[in-house]
């Protein structure tokens with residue numbers, strides 16, 4: 001199926017008016033994703049509203065503040081990027097950002113790296129094939145990012161252990177969630193205390209076309225993350241903090 005363009009109301013709902021070059025890049029990204037998805041099982045959200053709402057809108061709706069200061073150079077990392085979201089959408093929307101896309105599955109990172117190159121983003125988008133627990137202990141990455149994001153990766157305490165060690169002390173982690181209840185905050189806040197971090201905001205948004213409610217958790221460090229985190233590969237998911 002050919003790439004499509006959303007109606008103007010889509011951008012109004014998102015609260016962001018991309019340049020024509022950015023619109024062209026997002027449309028090109030849809031075509032690239034469709035093509036690569038025939039070879040590598042990246043995602044089912046590639047056509048029509050599945051792509052524009054389920055991928056682009058869902059990636060960018062939490063970034064209202066960041067989109068208003070899009071020319072500010074920042075270092076971002078997308079953990080568990082899968083088919084490249086939200087990382088590739090963020091790289092297009094924030095033209096001064098340096099974005100690292102991380103996934104442990106080599107077939108996915110190869111596809112995402114090729115898409116970034118085709119989009120002309122290779123100078124700002126780096127791709128890394130590695131388990132996040134390893135990256136979080138690498139001195140070249142630990143404590144290096146202004147923003148760390150993850151969408152649909154694991155339970156919130158697990159994701160926090162993945163993201164917080166990557167942050168600068170004035171950085172912020174963005175945890176994309178589907179549903180979120182007050183009861184979820186109890187184990188999550190216990191985990192954050194161990195990581196020397198705090199929950200600063202819970203945002204929520206109804207997606208267009210009745211595509212469900214999404215939540216975003218914004219987390220900030222209280223100081224450097226204790227060096228014991230992240231724990232060994234597999235331990236965060238097997239034995240979540242705060243449980």
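Cβ from N, Cα, C; glycine included.
Cβ contacts within 10 Å of residue 151 (S-adenosyl-L-methionine binding site), excluding its own Cβ and spanning all protein chains shown: 24. In three-state terms derived from DSSP, residue 151 (S-adenosyl-L-methionine binding site) belongs to an extended strand segment. According to Swiss-Prot, the feature S-adenosyl-L-methionine binding site maps to 80, 85, 132, 133, 151.
Same-chain neighbours of the region 'Disordered' (211-243): 49, 53-54, 58, 61-62, 131-134, 136-137, 142-143, 154-158, 160-165, 167-180, 186-192, 194-205, counting only residues six or more beyond its ends whose CB sits under 8 Å from a CB of the stretch. Feature annotation from Swiss-Prot assigns region 'Disordered' to 211-243.
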Largest CA-to-CA spread of S-adenosyl-L-methionine binders 80, 85, 132, 133, 151, angstrom: 20
C-beta crowding around residue 133 (S-adenosyl-L-methionine binding site), within 10 angstroms: 20
Cβ-based isolation winner (fewest other Cβ atoms within 10 Å) among the binding-site residues 80, 85, 132: 80
